[in-house]
Amino acid sequence: MADPWQECMDYAVTLARQAGEVVCEAIKNEMNVMLKSSPVDLVTATDQKVEKMLISSIKEKYPSHSFIGEESVAAGEKSILTDNPTWIIDPIDGTTNFVHRFPFVAVSIGFAVNKKIEFGVVYSCVEGKMYTARKGKGAFCNGQKLQVSQQEDITKSLLVTELGSSRTPETVRMVLSNMEKLFCIPVHGIRSVGTAAVNMCLVATGGADAYYEMGIHCWDVAGAGIIVTEAGGVLMDVTGGPFDLMSRRVIAANNRILAERIAKEIQVIPLQRDDED
């Protein structure tokens, strides 16, 4: 039986590459930077241009499909995940990196049916790395199969996380406290690349052993989550329970041993869900 969603995935790869070309051209030029929820929550005309390009192209080919896009939500649309085939799009994951020309910027596309992710595409466009995964068929970077690391000892692990966009003193204290707890276990190190999607792809490659973050959105992780699991890794809620795409929090690790240890150490930061008003 033919894969009903393979054509959609092939189209997503084509669109991600086209979007990446737009991003890589724009990063060379002066930018009009705007603010969203705070002085550090940035958006550019390129974010909006790329999302509009992606959604309009997909709508033309698949008019019955649904969409959740970062900039559409910022403009007032709802993040509602239904059973309908849904494209979950982050046109530029790592906008702050993009603004500063820090070279980790990704176009991220996740595709869900019946609320389950069927495939993910993450194009780290400055690096020229195309990460892809189809449910049940493995994860790849530029055609090379990915495999998570085999590390089970957290004291020998390399973690990735982000400080996030909140500058509320209480939240910042909790973020730094969580990092301190993990750092002092001790772990080999903690890194921050500046994009959730690339952080998760680094776990999929085996370059990092685990990633955790609270404050992300569904479009940050929809594409990369399946890349982690298809590379042999796990997704988990920061409480140690099942991962929930709309919860705004995730642990992505090479195995349950590291994921559960991270969940045990960190304090949960209260957040409004993506699907709540």
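Quick reminder: no glycine exception, Cβ is built from N, Cα and C everywhere.
Annotation note: Ile92 (Mg(2+) 1 binding site) sits in a strand segment as assigned by DSSP. Taken from Swiss-Prot, the feature substrate binding site applies to Glu70, Ile92, Asp93, Gly94, Thr95, Gly194, Thr195, Ala196, Glu213, Asp220, supported by experimental evidence.
For Ile92 (Mg(2+) 1 binding site), the same-chain residues lying six or more positions away in sequence with a CB closer than 8 A to its CB are Val23, Thr44, Thr46, Asp47, Val50, Phe98, Val105, Ala106, Val107. Taken from Swiss-Prot, the feature Mg(2+) 1 binding site covers Glu70, Asp90, Ile92.
Marked as Mg(2+) 2 binding site by Swiss-Prot: Asp90, Asp93, Asp220.
Under the three-state DSSP scheme, Thr168 (phosphothreonine) falls in the coil class. Sequence-distant neighbours of Thr168 (phosphothreonine) (same chain, 6+ apart, CB under 8 A from its CB) do not exist here. Annotation comment: Swiss-Prot describes Thr168 as phosphothreonine, evidence class a large-scale study or a structure entry.
By a simple count of nearby Cβ atoms, those within 10 Å, the most crowded of the binding-site residues Thr95, Thr195 is Thr195. Counting every protein chain shown, 32 other Cβ atoms lie within 10 Å of the Cβ of Asp90 (Mg(2+) 1 binding site). The record gives Asp90, Asp93, Asp220 for Mg(2+) 2. Within 8 Å of the mean position of their Cβ atoms, the other Cβ atoms in that chain belong to Glu70, Ile92, Gly94, Ala106, Ser108, Thr195, Ala196, Ala197, Ile216, His217, Trp219, Val221, Gly223.
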